[in-house]
């Protein structure tokens with residue numbers, strides 16, 4: 001893998017550049033995206049030269065000639081060709097996209113430039129303005145003016161970010177923990193800690209973003225984080241266990257399992273094509289070049305608009321006469337006027353449609369789907385409904401943890417997306433277990449024998465776990481990972497997460513070996529010094545009330561816990577959950593990156609309880 005020869009700092013730059021070109025975020029760069037990049041960059045080059053450069057980039061980067069450039073291919077070639085004319089032109093294009101504002105970086109290296117998309121800023125500002133327009137706690141910064149830099153100052157106190165996180169994943173942050181009045185630099189810092197650690201807990205990749213970056217309104221970091229939060233909210237219901245009507249998208253000869261494997265982006269594309277097919281119109285392959293003429297959008301709007309066939313829902317007729325408009329921009333504007341009648345004009349301008357901005361068009365379609373899916377759950381199909389299971393809390397915690405570390409591709413379905421072990425290898429690297437990437441088969445896999453390639457990866461992943469990581473993997477074989485055996489996959493993931501957590505403590509404690517007893521001892525010493533009660537271990541029944549966790553937070557940061565908000569006696573499950581929500585949010589607020597959920601405390605789940613105390617111990621040790 002390219003990682004072996006490239007410094008961490010350069011790797012981060014390459015990752016940022018890749019993300020800028022891979023605008024639909026699907027983990028690879030297509031020719032469409034290269035064309036869009038050079039068109040938007042507006043470089044002073046004749047058209048034939050741009051075409052030659054794109055061909056050269058495709059030829060040299062697409063190492064296996066499958067029409068897709070993966071991050072590994074991208075990193076290797078950009079690194080190897082650093083001084084070539086093609087690579088220089090490519091980098092220039094990345095930095096000069098029209099509608100992309102370049103901002104001098106703050107690192108010591110001269111010449112560091114970061115950029116952000118003006119179109120994205122406008123889209124996100126309008127979305128946040130609408131989402132929070134009635135929230136009394138945000139009136140001091142809303143509405144923001146999309147034509148200015150309002151957004152970058154508005155996020156500076158953390159309140160807007162906390163609110164947006166709660167809109168995307170309700171109940172992530174306990175409102176009682178957000179500092180809202182008479183803000184000081186210290187209480188602002190707490191809000192930003194709370195926002196960042198909560199974003200991490202819902203699966204945002206925030207490893208390189210600090211509270212200071214948000215306070216100072218670093219544009220590319222603010223937009224990057226906000227997009228992740230918005231996208232998680234938009235995609236929340238594009239998932240079969242939460243929306244069984246999606247089964248209408250099953251094609252002939254497909255099983256339910258085939259549909260479950262699709263990512264939210266793939267499901268959205270299939271949904272769009274389902275409605276286009278119903279309308280007797282040509283299908284689309286993407287939300288960039290194929291939607292530029294707005295015709296597909298017109299037909300989808302016409303299909304999903306209410307027709308007065310459901311009781312109590314008034315019809316909203318769509319005027320599609322604008323589809324005959326000769327000018328692309330005018331046609332797009334007419335189409336958006338019709339979308340506005342459905343209350344679905346968000347995220348794109350007519351220009352964004354005509355330019356085929358993949359990220360904003362994806363958001364536009366996701367929002368349309370959420371409001372008007374226009375799908376009916378099939379009545380007579382022979383479907384095993386019991387096989388549609390939503391993910392458990394434990395599975396969601398592991399998935400969010402992995403995604404917060406920036407694994408690529410993003411994990412949407414725990415077992416399906418680990419079947420080739422690529423994500424597991426990345427997690428091994430995060431816990432300092434060396435991976436020989438020459439032994440790893442990388443996608444795209446051949447049509448014939450693809451599962452054998454994935455199985456070889458899984459066998460190597462288990463071998464690494466046993467020999468290098470010294471994990472207890474008795475009875476676990478590569479086949480179990482490849483086939484998505486729940487119990488055995490979770491056993492490996494737990495050991496990865498545990499080692500990751502303990503490594504943080506060992507790094508803070510000069511490499512001293514940390515075991516469960518070390519954490520319990522530290523917790524009890526800290527509680528005793530603060531005059532508070534102790535615990536017997538991670539199964540202690542008192543943890544169900546969350547009081548030991550709250551007491552520890554108050555011992556680490558004296559005076560931080562408002563005990564008047566808590567219930568300590570006659571505890572019902574509801575009161576316990578209320579305490580636990582407050583405890584988890586307070587842990588994040590004082591700077592602990594906690595992934596566990598409130599229910600884990602109420603039910604005293606020892607594994608997740610251990611991670612809560614370990615993260616608090618890491619936060620406590622940082623005071624020294």
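Note: Cβ is positioned from N, Cα and C throughout, glycine not excepted.
Sequence annotations record features per position, and here Swiss-Prot assigns domain 'EF-hand 1' to 9-44. What Swiss-Prot lists as Ca(2+) 1 binding site is 22, 24, 26, 28, 33. Residues annotated as domain 'EF-hand 2' in Swiss-Prot, with sequence analysis given as evidence: 49-84. According to Swiss-Prot, the feature Ca(2+) 2 binding site maps to 62, 64, 66, 68, 73. Annotated domain 'Calponin-homology (CH) 1' per Swiss-Prot: 118-234, in sequence order. According to Swiss-Prot, the feature region 'Actin-binding 1' maps to 118-373, an assignment based on sequence analysis. Feature annotation from Swiss-Prot assigns domain 'Calponin-homology (CH) 2' to 262-373; the stated evidence is sequence analysis. Sequence annotations record features per position, and here Swiss-Prot assigns domain 'Calponin-homology (CH) 3' to 392-501 based on sequence analysis. The region 'Actin-binding 2' annotation in Swiss-Prot covers 392-621 and is backed by sequence analysis. What Swiss-Prot lists as domain 'Calponin-homology (CH) 4' is 513-621.
Counting residue by residue with DSSP, the domain 'Calponin-homology (CH) 3' (392-501) contains 66 helix, 0 strand, 44 coil. Over the region 'Actin-binding 1' (118-373) the predicted model carries a mean pLDDT of 95. Taken residue by residue with DSSP, residue 22 (Ca(2+) 1 binding site) is part of neither helix nor strand, so it is coil. Residue counts for the domain 'Calponin-homology (CH) 2' (262-373) by DSSP state, with H, G and I taken as helix and E and B as strand, are 66 helix, 0 strand, 46 coil. Secondary structure of the domain 'Calponin-homology (CH) 4' (513-621) per DSSP (helix as H, G, I; strand as E, B; remaining residues coil): 70 helix, 0 strand, 39 coil.
On a Cα basis, residue 73 (Ca(2+) 2 binding site) lies 13 Å away from residue 22 (Ca(2+) 1 binding site). Listed in sequence order, 22, 68, 69, 70, 71 are the same-chain residues six or more apart from residue 28 (Ca(2+) 1 binding site) with CB atoms under 8 A from its CB. When the Cα atoms are compared, residue 26 (Ca(2+) 1 binding site) and residue 73 (Ca(2+) 2 binding site) turn out to be 15 Å apart.
Within 10 Å of the C-beta of residue 26 (Ca(2+) 1 binding site) there are 18 other C-beta atoms, taking all protein chains into account.
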